[in-house]
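Working notes, beginning with the structure itself.
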Amino acid sequence: MEPRVRTVCFLFFLLRVLAEPAKNSDFYLPGDYLLGGLFTLHANMKGTVHLNFLQVPMCKEYEVKLSGYNLMQAMRFAVEEINNDSSLLPDVRLGYEMVDVCYVSNNVQPVLYFLAQEDNLLPIQEDYSNYVPRVVAVIGPENSESVTTVANFLSLFLLPQITYSAISDQLRDKQRFPALLRTTPSAKHHIEAMVQLMLHFRWNWISVLVSSDTYGRDNGQLLGDRLAGGDICIAFQETLPTLQPNQDMMPEDRQRLVSIVEKLQQSTARVVVVFSPDLTLYDFFREVLRQNFTGAVWIASESWAIDPVLHNLTGLHRTGTFLGITLQNVPIPGFNEFRVRGPQAGPTHQRSTCNQECDTCLNSTLSFNTILRLSGERVVYSVYSAVYAVAHALHSLLGCDHSACTKRGVYPWQLLEEIWKVNFSLLDHQIFFDPQGDVALHLEIVQWQWDLSQNPFQSVASYQPLQGHLKDIQDISWHTVNNTIPVSMCSKRCQSGQKKKPVGIHTCCFECIDCPPGTFLNQTANEYDCQACPSNEWSHQSETSCFKRRLSFLEWHEAATIAVALLAALGFLSTLAILVIFWRHFETPMVRSAGGPMCFLMLTLLLVAYMVVPVYVGLPKVSTCLCRQALFPVCFTICISCIAVRSFQIVCVFKMASRFPRAYSYWVRYQGSYVSVAFITALKMVTVVISLLATGLNPTTRTDTDDPKIMIISCNPNYRNSLLFNTSLDLLLSVAGFSFAYMGKELPTNYNEAKFITFSMTFYFTSSVSLCTFMSVYDGVLVTIVDLLVTVFNLLAISLGYFGPKCYMILFYPERNTPAYFNSMIQGYTMRRD
């Protein structure tokens, strides 16, 4: 025998044994088609099933659960409203049969009763396609554990089951529960609404309390998975003990509650999320009141978010602010009056089963009627819409028109197919089932109020599952000093530009450290590390972005630039005047003794060098860098080489010609002075090319060591080494020129240039060494100014120091600029030597 057949045989036996009549027509309404209803009118949290005695639990022995009766009345109201509506199921009367399931204790017997036929028989068949059970569909029950138990039976027969408040995500599995649908959003939407609420108020440090049943464990796990690696951390999670109604609390349970509340007191988390049925929480909150734990924010799951009995607990308002996640309020016209209507008198229904009585339900409802009326219809609407979903499916299946329907036998699988297709408007809300069998009703965040003139569960925000965020957020009356928003953070939020340094194992616990200058914090990329700014950007301390560094270069509006430019202009004009004077007196001995044609080469190159001075000012470019690194050094080197060669040539004429006549003849014959200058020029050009290849011509930037916000832009990234390399030849030439000039200090006065050459060469040598020294200790834009100033002074030293005295003699002592005077000076020198 197959396992399914053995199971059905056992259930058939159990059904026959447990059937029992009851006298209460409020649970039964005859009709052409019956709906089954499973509601919790009494609650037994332990869920004990007396299989040893084969007895169905007597629900009336347990405490009344007010909300269950309220939901049962909603089903009765919906059925009666449909029966009075001529447009929906015309000429068809819906009936119902409802059973109290005692929360989780009494699930098997009612579902067997609904699956049985009119004779209480559940036949064993191989094919149930043509089987017609007692009811066409089942509404309920309310919690996930009971729904799972019932669905395992009903799915075997494809009997439609619509639950109104079970949110477990496991129920979305249509392979396991093909006949189960829900008129409430799934648990993931409830969890997401909670998370969005905590994110909105920046609560990132929470405590979580869960019940020990499947509901608490599953939802606690879902919340933990949702928060894993996110911005919200769970300080601790505890499991609440499950208490037996109508019995004294066991010592271990009492101690467990005391320990949990003490842990809440000691924790810095001020937000407490509670996943638990309402009945488990009464003793817990009594312990909270006993220990005077106040100032917390309690976030209630949908199972107790609008529980009127818990709300009525004396002194509960002192414990803090209560926020709950629940279904959107949809007013149902006429339901408030129907809810408190007494049961109709009628004869005993012989086919009724057990657990169809609740003698105190109506009185309890009357005592809480004000709260129920003000709190609105939330889960009530889920029951209401579930009944209407079955009615619309039945309307389609029976082929109803405006006046009549074709009454016939309805097989469960046929009705199930039609329920999946329904899409109708009910009180301005569209009802249809998604592929997982859920209706996407909106959720609301409610705050508990204790002002009798207001709604005890005041809506403060709404959540739309399809959009995934809160909206219509209203002000909340916080139970804090000055109505300030409670703070629940392991660590305070870091200020802008501060990185997080983790402390401990929780990502929400950290230290805030300022990002140092030159770095910034990109929170979207990595909030635990400061990133370095790009080389052309900078930042101050504690910044989230970098700014462009100010480029620093020599500009025309600066006083130093203007002063140097005036000196360069003076030098240019002076050199030009010297060139004119030398040109007009070209045939004189003074000009020829100074070098003759070579003087014009030097003066021309000096003019070019003066014209290169402006390229030191302004934003460096490739062209200006080429002039600074190539044109000017070559011009200046030629000038120095001419002076050095001229000094050597004079010494040779007067001191070495007689000793080395052949060498001197070669020097004169082959224009040794010009060859030497050409050779030195070629050598200089080689060094310049090597320097350019090594450093490049593109301007580069470097950080100002005194002010990192400034980027110094220059032509040479390694300007110190480049300067030393480029000036090394010039320094050697200056030393050589100085040496030859010193050797000729005893020459005739008109040929003795030792003082002038010594001045020029010594000035160049000392200024170049000073510039290199200055560069070694300073790295700012002032280096460019000093470099330019030294360059101009060196040019002036040659222009005025070397050529100036000669112009002075030409202009003011023309009698000394004659061949006779020069010959007399040479004869006097010769006579002194002899």
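Cβ coordinates are placed from backbone N, Cα and C, and glycine is handled just like the others.
Features of the protein shown, as given by Swiss-Prot:
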- 1-19: signal peptide (SIGNAL)
- 20-561: topological domain 'Extracellular' (TOPO_DOM)
- Asn84: N-linked glycosylation site (CARBOHYD)
- Asn292: N-linked glycosylation site (CARBOHYD)
- Asn312: N-linked glycosylation site (CARBOHYD)
- Asn363: N-linked glycosylation site (CARBOHYD)
- Asn423: N-linked glycosylation site (CARBOHYD)
- Asn482: N-linked glycosylation site (CARBOHYD)
- Asn522: N-linked glycosylation site (CARBOHYD)
- 583-597: topological domain 'Cytoplasmic' (TOPO_DOM)
- 619-630: topological domain 'Extracellular' (TOPO_DOM)
- 652-676: topological domain 'Cytoplasmic' (TOPO_DOM)
- 698-722: topological domain 'Extracellular' (TOPO_DOM)
- 744-755: topological domain 'Cytoplasmic' (TOPO_DOM)
- 801-834: topological domain 'Cytoplasmic' (TOPO_DOM)
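Shown here: features listed in Swiss-Prot, placed on the structure.
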residue: Asn84; record: N-linked glycosylation site; CB count, 10 Å: 8
residue: Asn292; record: N-linked glycosylation site; CB count, 10 Å: 11
residue: Asn312; record: N-linked glycosylation site; CB count, 10 Å: 14
residue: Asn423; record: N-linked glycosylation site; CB count, 10 Å: 10
residue: Asn482; record: N-linked glycosylation site; CB count, 10 Å: 5
residue: Asn522; record: N-linked glycosylation site; CB count, 10 Å: 12
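The average pLDDT computed for the topological domain 'Extracellular' (698-722) is 72.
Residue counts of the topological domain 'Cytoplasmic' (583-597) by helix, strand and coil are 8 helix, 0 strand, 7 coil (DSSP-based).
DSSP assigns Asn423 (N-linked glycosylation site) to a strand segment in the three-state reduction. Put simply, Asn312 (N-linked glycosylation site) is 37 Å from Asn84 (N-linked glycosylation site) when counted between their Cα atoms. Considering only the glycosylation sites Asn292, Asn312, Asn423, the residue whose Cα is spatially closest to the Cα of Asn482 (N-linked glycosylation site) is Asn292.
Taken residue by residue, the topological domain 'Extracellular' (619-630) breaks down under DSSP into 9 helix, 0 strand, 3 coil. Comparing the Cα of Asn522 (N-linked glycosylation site) with the Cα of every entry in Asn292, Asn312, Asn423, these being the glycosylation sites, the smallest distance points to Asn292.
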